[in-house]
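Novice: I grabbed these lines from TrEMBL:
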COMPBIAS  155-174  compositional bias 'Basic and acidic residues'
COMPBIAS  232-252  compositional bias 'Basic residues'
COMPBIAS  253-283  compositional bias 'Basic and acidic residues'
COMPBIAS  299-308  compositional bias 'Basic residues'
DOMAIN    191-225  domain 'SAP'
REGION    155-188  region 'Disordered'
REGION    228-308  region 'Disordered'
Amino acid sequence: MMKEREGESNVTKKMEKSVLHYFTELIRELGLRRVFQDIHVDILVSIYNICKDDKSDKKRAPKPVMAECVTEYIKKKGITSEQFIEDLDAKIRNDIFKDCEIPIDENSVDAWHAFVDRTGLITFFASLPDSKLRKFAEKCRLTLKTQSREKMIDAILKQEDYDPKKPKPKVEKPSKHKPKIKDGISRTDLHYHYTRQELVDYCKEEGIPRDGLKREVVNRILQHLQGVDVSKKKKKRKSSTPSKKKKSASSPRKKDKDSESESKSERKEDEKEEERSADSEKGQKKRKKEEDSDSEKEKKKRKTSEKK
């Protein structure tokens, strides 16, 4: 009994492996076919001319036919998509990477492999009806609150719930390779790829203040790259001798009172001068009257003396 059970388990394991292998190959085949169909026609023609059986035939076939031919060529050769892309001419290979928006570096082939697999998975799930997609999501314990097939497939591939009411904050991932410190570098790359000492050394070269925590140094570097002046301004030293306090400016009410008192005093002086001038005029009139009366008396006396 034990041997029979062990035999059955071995058979199931072999079946699981074969099914998994078949499914993996199917996904990659779907991915290759879709990628070659979507690629620019001039690039596809150059690949098709390498893979077609009749090299003398110079007629351009439809894109689906050319994509199928290239995919079948890779299957017959028994090579992987990575081996196929590596064997191509460097110019054609780089044209494919550019068209698929894959960075051209030492990891381009691995990125191509991941791109093909993802495209194959998207193609496979896109062929399923909505009911199957939702059942698959339930098996993965995912919540999909959307009617969009594109969003459902994206959530399944990312293995994340989709709830538009509760959007998850996007976490920026660092670059695979250490970038140079220049305008456009992200905060995440500065934190992830550079130690504090490396950032401090950069600050020394650029004349940037380098004190504080690592995040503060990162902030200053980013501001400096954007053209912001981050140099510390020298504070003015306070003089040792105590500065004399300035007299506080008089309030507007006080000014009004002062002006009123000044005007009152001026009025009084004017009144006094008027009184003085009036008194002087009266005195002059009295003197004239007295002088006139004296002169009349003298005239009368002269007349009386002359009659005698």
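First residue shown is number 1, and so on along the chain.
Cβ atoms are placed via backbone N, Cα and C, with glycine included.
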Novice: How do the residues of the region 'Disordered' (155-188) split into helix, strand and coil according to DSSP?
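Specialist: Its residues fall into 6 helix, 1 strand, 27 coil.
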Novice: On average, what pLDDT score does this prediction assign to the domain 'SAP' (191-225)?
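Specialist: Residues in the domain 'SAP' (191-225) carry a mean pLDDT of 90 in this prediction.
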Novice: Could you break down the residues of the domain 'SAP' (191-225) into DSSP helix, strand and coil, giving a count for each?
Specialist: 26 helix, 0 strand, 9 coil
